[in-house]
Every structure is written in C-alpha cells, then in structure tokens.
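Below: the structure, in structure tokens.
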C-alpha cells in the first residue's frame, strides 16, 4: 500500500493531495480546495505571487477606457521587467538556473514569477527577505514552490499556439523573453553576489543597453 501511495503522489489518482498544486505551485480553488496543498519546507524554487503586470491588461485612461498598447511596447516592457528582477535577485541571493513568468489571467497564476535557484539555501533566504519588501508599489508575496520541472507545469497546447482555454488555462502559459535578452542573462554564468558595480561607485552595469523604455518603466527596486 505504501508503495502504491508513493507512486500516485501528486498525480490525478491521488485523492488526498492536490495534483495542480504539486505541478504548478498554485490551484484555482485556493484554500477552498478539497485536497491538500503540501507547501515545501525546502526547495530550489520560489514564487513571487502576482508580481508582473501586463500593460495590455492594466492600461486605462482617466475615464476608465483601455489604452491601446502595441505588442512591441509590451515586449519591451516585459523584457525590462524580466531583466531587472532576474539581475536583482541573482546579485542579492545567488545563481539562478531558471526564471519564468506566467501570462495567465486566472487570479491564482496571473503575473506569478517563478525563480529556480541553484541552491536551496539561496531560495530560502530570498523568501525570508523578499516578504519584507515592496516592488512597483506593491508588497512582495514570496513563498517556496514545489515546482522544479517546468515542463510538467506548462501548457503544451499554448506552446504550440493551440490552447483553447486562453488566459484562464490552469496550466502555465509562460511568456518568453527576447532571444537577445535570454542569451545575455543565461550566458553570463555565475554572478558575484552583493552590490552591483553602479552602486559600488564604479564601472558600468553590464546589463545596460541602449533600448528604448516606456515612460512607465519605473518598476522600483526590491
């Protein structure tokens, strides 16, 4: 019996533990879910809940009508957000293996930022410190996440452009960063921890680029 329970743990056959929480670290039922959400006590991965705000979903005029934001502007805004968060977290807490941002619209997934560190100790320290900080005018909500393999968490139909559930799909719709930014961030290798060269009073930050930024880019620092 013990072997059987172990074999179905976190799967849809498991009637005790929530398979969605196990796979994606979130569940649309939240605390009302009939199955257990086993929050990890240690993990390489943290989640920053609802941190990213897509300007296409939030841009409004004074009369409440939506402003048009082009796809190019959205990608620039997103790349700026991703680069800032990735660089800041890696400099302060440790090497990041992978960072992903959800483009879903459901409350339990919208704007979630998943950060997988190389070391569990770095993830634990990040959660402790980030929960006492603010970003872009909102309190940061950070917690350890059970997600370690994002291939199991992602919607494969979305990746092929075939998801019929749209933004309210219960699997992750991960928004991609530009190819140049991916090469720049993940091609750097381990970064030293501590203040950036700019803050230390000398040199240029290696991440600065001559990229046009939208006026509302000012995300703020952790």
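Note: Cβ is positioned from N, Cα and C throughout, glycine not excepted.
Remember, TrEMBL labels are computer predictions, not curated facts.
Per TrEMBL, the feature domain 'C3H1-type' maps to 12-40 (among others). Under DSSP, the residues of the domain 'C3H1-type' (12-40) split into helix, strand and coil as follows: 9 helix, 2 strand, 18 coil.
Residues of the same chain lying 6 or more positions beyond the ends of the zinc finger (12-40) and with a Cβ under 8 Å from any Cβ of it are 47, 106-109, 112, 114, 143-147, 152-153, 170-172. According to TrEMBL, the zinc finger annotation covers 12-40 (among others).
As annotated by TrEMBL, domain 'RRM' applies to 65-147. Taking the domain 'RRM' (65-147) as a whole, pLDDT averages 93 in the prediction.
Same-chain neighbours of the domain 'C3H1-type' (149-176): 20, 23-25, 28, 52, 78, 98, 100-106, 109, 114, 116, 182, counting only residues six or more beyond its ends whose CB sits under 8 Å from a CB of the stretch. The domain 'C3H1-type' feature in TrEMBL is assigned to 149-176 (among others).
Note: the zinc finger (149-176) comprises 11 helix, 3 strand, 14 coil (DSSP; helix = H, G, I, strand = E, B). Positions annotated as zinc finger by TrEMBL: 149-176 (among others).
Residues or ranges marked as region 'Disordered' by TrEMBL: 186-222.
The compositional bias 'Basic residues' annotation in TrEMBL covers 202-222.
Across the domain 'RRM' (65-147), DSSP helix (H, G, I), strand (E, B) and coil residues number 34 helix, 20 strand, 29 coil.
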